[in-house]
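Down below is the structure, laid out as structure tokens.
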Amino acid sequence: MPPNIVHDAEGLPRIILTEPNGSSAEVLLYGGQVVSWKNERRKELLFMSSKANWKPPKPIRGGIPVCFPQFGNLGSLEQHGFARNRMWMVDSDPSPLPPANNQSSVDIVLKSTDEDLKIWPRCFELRLRVTLSAGKLTLIPRVRNTDNKAFSFMFALCNYLSVSDISEVRVEGLETLDYFDNLINRERFTEQADAITFDGEFERVYLSTPTKIAIIDHEKKRTFELWKDGMPDAVVWNPWDKKAKALPDLGDEDYQSMLCVDSAAIETPIMLKPFEEWKGRQEISTVSSSYCSGQLDPRKVLYGFH
């Protein structure tokens, strides 16, 4: 069954994923980027900037951008690498994964071009499987070295989550971990708080993080559970008011309704020998927050309700 591809107002092809319970997701071939994920009640779960630039070659601020082969400015390439502003293709041969043959899953691929090799002289194939199921969005990124020499790369899935009010959000699962604070020259600290809360600009790379992180939205009584494998770091970012005003593709008030929690491999880049393949996995699911004396049971949040 071929993927359901439509063209948006800018002429960009996007793949619409649906599943029987009524949730949906949209994946742009430009950037290989998930730009929408709606629950069965048609409520948008991902944040998209009110000033997002949808015209290539600019990156699109919102959804789930793919950062490859560099994160941020940690290298000689453009910010966050070039994968997020290249045109990807539908992947008809996602081997060794079995082909996706339903309306709730799609495989896409980005292969190195002559243009890419001029700025990053390494031959690669970057694949992404996006799968939608009831209450869950799964992304499986893979990078294959098709070169005759080894190379290393950084990787991140930047999850722009939609929240009701950033000052009412807390993140659990990162307590006691070491992190680099990008607001203080990437100095290394240890997290002292029981949970992360927000009252100003925040940009940290947490190291050796657990497989599951919980993002609790008190006002919406909703918790995002982020489960990841193969991406040991987690980036937590909110620009707050001054930075939001300085970013041309972010609305002045947008920071209040967004939080980025990224699955990433930054501190230790991934090394691949010729013809080796790296595979990561990320699942985001939503659960209703159950209150117990005003607090969530952190065991339920971190280890699921099963």
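Keep in mind that glycine also has a Cβ here, set from the backbone N, Cα and C atoms.
If you look up TrEMBL, you'll see R61, Q79, R84 marked as substrate binding site. A simple way to gauge crowding: the CB of R84 (substrate binding site) has 22 other CB atoms within 10 angstroms, across all the protein chains here.
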Neighbouring C-beta atoms (10 Å sphere around the C-beta of Q79 (substrate binding site)): 14
Cβ-centroid neighbourhood (8 Å) of the substrate site, R61, Q79, R84 excluded: P59, I60, P65, C67, H80, N85, C158
Largest CA-to-CA spread of substrate binders R61, Q79, R84, angstrom: 13
Spatial neighbours, same chain, of R61 (substrate binding site) - Cβ under 8 Å, 6+ residues apart: M48, S49, K51, A52, N53, Y160, L247, D249, L250
